[in-house]
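Pulled from TrEMBL:
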BINDING   H67, D179, D234  Zn(2+) 1 binding site
BINDING   D179, E212, H321  Zn(2+) 2 binding site
ACT_SITE  E211  active site, proton acceptor
Amino acid sequence: MPISELDRKFLDDLLAAPSPSGYEQPIQDVVRAYAAEFAETVTTDRHGNVMACVNPQGQVRIMLAGHCDQIGLIVKNIDEKGFIWVQTIGGWDPMVLLGQRVQVWTRSGPIPGIMARKPIHLQSPEDRKAVPEIKNLWVDIGVLNGEEARAAVRVGDVITCELHQQTMRNGFVSGVAMDDKVGVWTVFTAARRAALQSPKAAIYAVSTVQEEIGLRGVQTSAAAIRPQIGLVTDVTHATDCPTIDENQHGRIKLGQGPVVYRGPNTNPRVFDLIEEEAAKHGIPYQLASLGTPASNDAAQLQLAGDGVAMGLICIPNRYMHSPVEMVSLEDLDHAANLMAAFCVRIQDDTNLIP
């Protein structure tokens, strides 16, 4: 069943907004506008996290976290020929940047550019075997010299791959920065759906910043909210494409529902309640395990204050940290429904002590 026009517009607006870590203001404008339609309070802290609350008078505080920042690049130098040299924001495979259209986000708006390298005809045998490194890649914005480039672009401007999305078959969508704009979509959509069901708990949907450079925004937002319960939604690796070993990374498929994690980063009672709500409402999900803290906001949120009872509900994603990430819209919809059902389930006397 397709998601509603309202839900799809929110997702489209998120995907169209640039948000490299430290440059999240454009996407947070989208989040604030959406949250204002259903939340009783919408606030932004000094770090840039956006926090929307449903039922703030609730005794139990649930924090729903999805990070809005995406991986990107930042301008380090502009040489005399006008070529732009960059540093990464977050974890990039340099191979996926070759041949990409990019956008340089300046004070006067985005400037189109490309990333490429010496043509194959001119490469030596050693060149052809070499694995590209970021330090050897540049951005070309089509200028004649450094003076022209520096008049348009400043050191410290950020760069993204060209923001786009493409509708695929079977309700799949491919594009830039599904990680983790789909998580932001999930937690705010879940809060909106829960608000329609008179929840007892206070539900805080948080669009966290700077996850990609060290799980930073979740720490500052959790310090303000002081949640007893936390649910994080991030993307996780879909393993249903070639070259990925399911025995090492689990069996996770697009279109089979969100992924619910078990392991030391999650609270067993929270996990049980998530499973019960999935069964009660007929929501499909996939089971996965993790023997270490997650490499996302859940790792830090669990440790906030005197401890947070954690759940981790993730969206399967093919080709993570590339310009062609792919997710299923049905998985997003099911994740939001499952998260909303969990929030409504929580009562003042719900026992989450393991």
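Even glycines carry a Cβ here, placed using N, Cα and C.
Just so you know, TrEMBL annotations are computer predictions that nobody has curated.
Sequence-distant neighbours of E211 (active site, proton acceptor) (same chain, six or more apart, CB under 8 Å from its CB) are S21, H67, D69, D180, G217, V218, D234, N296, D297, listed in sequence order. In the three-state DSSP scheme, D179 (Zn(2+) 1 binding site) falls into the helix class. Secondary structure at H67 (Zn(2+) 1 binding site), as computed by DSSP, is strand. Distance between Cα atoms for H321 (Zn(2+) 2 binding site) and D179 (Zn(2+) 1 binding site): 7 Å, as a whole number. What surrounds the Zn(2+) 2 site, by Cβ distance within 8 Å of the Cβ centroid and not counting D179, E212, H321, is the set Q70, I71, G90, G91, A177, D180, V235, M320 from the same chain. For the pair D179 (Zn(2+) 1 binding site) and E212 (Zn(2+) 2 binding site), the Cα-Cα distance reads 10 Å. Non-local neighbourhood of E212 (Zn(2+) 2 binding site): S21, H67, D69, Q70, I71, I89, G90, G91, each in the same chain, at least six residues away, with C-beta under 8 Å from its C-beta. Same-chain neighbours of the Zn(2+) 1 site beyond H67, D179, D234, judged by a C-beta within 8 angstroms of the site's C-beta center, are, in sequence order, G66, D180, G183, E211, E212, T233, V235, N296, D297. Most buried of the binding-site residues H67, H321, judged by other Cβ atoms within 10 Å, is H67.
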